[in-house]
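Asker: According to TrEMBL, the protein has these features:
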- 240-254: compositional bias 'Basic and acidic residues' (COMPBIAS)
- 258-268: compositional bias 'Polar residues' (COMPBIAS)
- 1-197: domain 'CAF1B/HIR1 beta-propeller' (DOMAIN)
- 260-426: domain 'CAF1B/HIR1 beta-propeller' (DOMAIN)
- 221-271: region 'Disordered' (REGION)
- 35-57: repeat 'WD' (REPEAT)
- 70-101: repeat 'WD' (REPEAT)
- 121-162: repeat 'WD' (REPEAT)
- 163-194: repeat 'WD' (REPEAT)
Amino acid sequence: MRVKTVQINWHDKLPIFSIDFDHNYTNTTNGGWRFATGGGDNNVRIWRLRTPSEREADAQQPAVEFLASLNRHTAPVNVVRFAPGSSRLASAGDDGVIIIWRQVDETACDDPEAWRPAAMLRGSLADICDLAWSPCGRYIASASVDNTARIWDARDARCLQVLANHSHYVQGVAWDPLGEFLVTQSSDRSLRTYRWHRDVAEAGKPGSAVVTVLSTHYSMPRVDDDTAGDGSGREDDEEERKHNEVATEERTMDVDTAEQTKPTTGGRKTQRLFHDDNLTSFFRRPAISPDGRLVATAAGVQRDRAARNTCFVWARDSLQGAPVLSLGGHAKPVVATRWTPCRFRARKADDGNAGWIAGDDDEAARMMLAVATQNSVAIYDTSVSGRAVGLMSGLHYAAITDVAWCRDGSHLVIASIDGFASVAAVDQPTEPLEIAAATSDLVTATRDASAPAEQSHDVSSASAADAASAAAAAAASEAAAAEAARQKGKKRLAPTFVSTL
């Protein structure tokens with residue numbers, strides 16, 4: 001693994017708050033990977049990461065090439081995310097507006113590429129910290145500092161539902177690649193999961209709940225009932241009791257069995273799972289693995305260890321339970337997590353090291369997870385249990401804000417408040433595998449429907465009937481694929497362990 005900080009004028013020497021790769025980008029001339037950054041200069045900028053052969057041929061040129069500057073926002077841009085199945089880009093920031101961009105053919109543009117707003121989603125009352133696209137590429141979930149998350153219809157440019165369950169800033173959101181649930185993280189020290197009702201959203205009935213609460217996680221039973229040596233236990237006890245009472249009143253539902261249960265601690269003492277609002281970061285970005293089986297979270301904390309900072313991981317088939325993994329040992333709090341968009345062919349496990357996921361060769365295919373803390377990035381491999389396979393630290397003078405993988409997992413880009421970004425080249429021991437998206441048919445059917453809202457109303461009755469038929473067929477295909485994935489994903493996780501660096 002090789003890493004280098006690219007010292008160019010990313011955002012006029014102002015902070016870079018977010019970064020994301022376009023996994024649908026194809027450049028037949030030069031190759032490479034396209035990505036976007038959002039910064040404190042109120043702009044979104046598009047870049048191309050050069051291929052290794054280009055960088056070797058001309059070492060004097062920077063590793064990235066500027067493509068376009070998108071400057072419609074009126075405040076710092078906190079998050080940029082490309083849509084799955086297309087190259088549309090969503091951006092949001094302190095102005096509370098979500099802008100959906102699309103590339104256009106425009107010869108009069110001074111930049112190598114031209115991008116124009118396709119839609120603007122207004123309605124958030126405060127700064128937006130994070131975004132997540134639905135797998136079909138039609139809906140967007142946003143996280144805001146007004147203590148709410150919102151579900152948006154990007155095609156019709158309207159808000160479908162406001163989720164006001166959190167009591168403090170909502171700083172992260174992630175959407176299940178199989179389209180069944182989404183998760184939010186907040187500085188109220190909680191992780192919430194919601195069931196996604198796509199059929200209700202497509203019905204378009206005003207006031208209908210398109211998501212419902214599945215579970216809420218504030219705390220879990222203590223590994224060691226003895227109070228941690230840092231003295232934090234006593235000050236947390238009263239707050240833990242209060243949130244345990246709230247969690248007991250809320251009903252939770254298993255995403256697989258749909259059986260409703262009530263959480264219980266069995267009388268044992270509990271420990272809080274996440275940092276409180278004193279954490280000096282505006283971002284707690286969770287991530288869901290490309291096959292939908294694992295949920296990685298930010299800002300985790302362990303009371304029973306000297307290095308308290310950790311990344312908790314939940315399993316898809318036990319979202320209502322305690323985390324199955326704790327990737328701990330970090331010197332600073334975790335601010336962002338990101339899985340590679342693809343899996344990798346399984347490799348032979350070391351003796352006594354079965355990895356995270358047990359199963360046959362296809363089931364045990366490797367996945368890579370990047371865990372970004374305020375001053376370092378650790379890389380984990382699901383085929384290697386008990387430790388990180390790579391650690392990068394001391395790259396930046398200020399806190400890290402976001403990380404992103406290119407399509408084949410060969411490069412990782414790290415963004416920082418110091419106004420620079422670093423590029424890490426990761427040598428994968430096995431080749432990548434393509435993930436068959438459960439909603440690929442739906443993406444194709446709705447790609448044209450996801451154009452600007454002002455262009456979507458001149459549709460003939462015949463086209464509407466065809467679209468409805470295609471959507472119904474896609475819904476049936478998605479449901480069958482999701483059910484197969486659930487059945488295949490059960491009982492494949494290795495036993496719980498605590499990982500250290």
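We number each residue from 1, going along the chain as drawn.
Yeah, the Cβs are placed from backbone N, Cα and C, and that goes for glycine too.
Model, not experiment: these values are computed from the prediction.
Each of the listed features needs to be described in terms of its position in the shown structure.
Answerer: The DSSP breakdown of the repeat 'WD' (35-57), given as helix, strand and coil counts, is 6 helix, 11 strand, 6 coil.
The average pLDDT computed for the repeat 'WD' (70-101) is 96.
Tertiary neighbourhood of the repeat 'WD' (163-194): same-chain residues 129-136, 141-145, 147-151, 211-218, 243, 255, 272-277, 279, 281-292, 295, 297-299, 314, 319, 336, 435, 437-439, 478, 481-482, 485, selected by CB-CB distance under 8 Å and a gap of 6+ residues from either end.
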Asker: By a Cβ-Cβ criterion of under 8 Å, what residues six or more beyond either terminus of the repeat 'WD' (70-101) are in contact with it?
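Answerer: Sequence-distant neighbours of the repeat 'WD' (70-101): 14-15, 17-25, 34, 36-46, 115-122, 124-133, 135-137, 140, 142, 144, 152, 154, 282-283, 437, 439-440, 443-444, 447, 450.
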Asker: What does the DSSP secondary structure composition of the repeat 'WD' (121-162) look like, as residue counts for helix, strand and coil?
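Answerer: Helix, strand and coil residues of the repeat 'WD' (121-162) number 0 helix, 23 strand, 19 coil.
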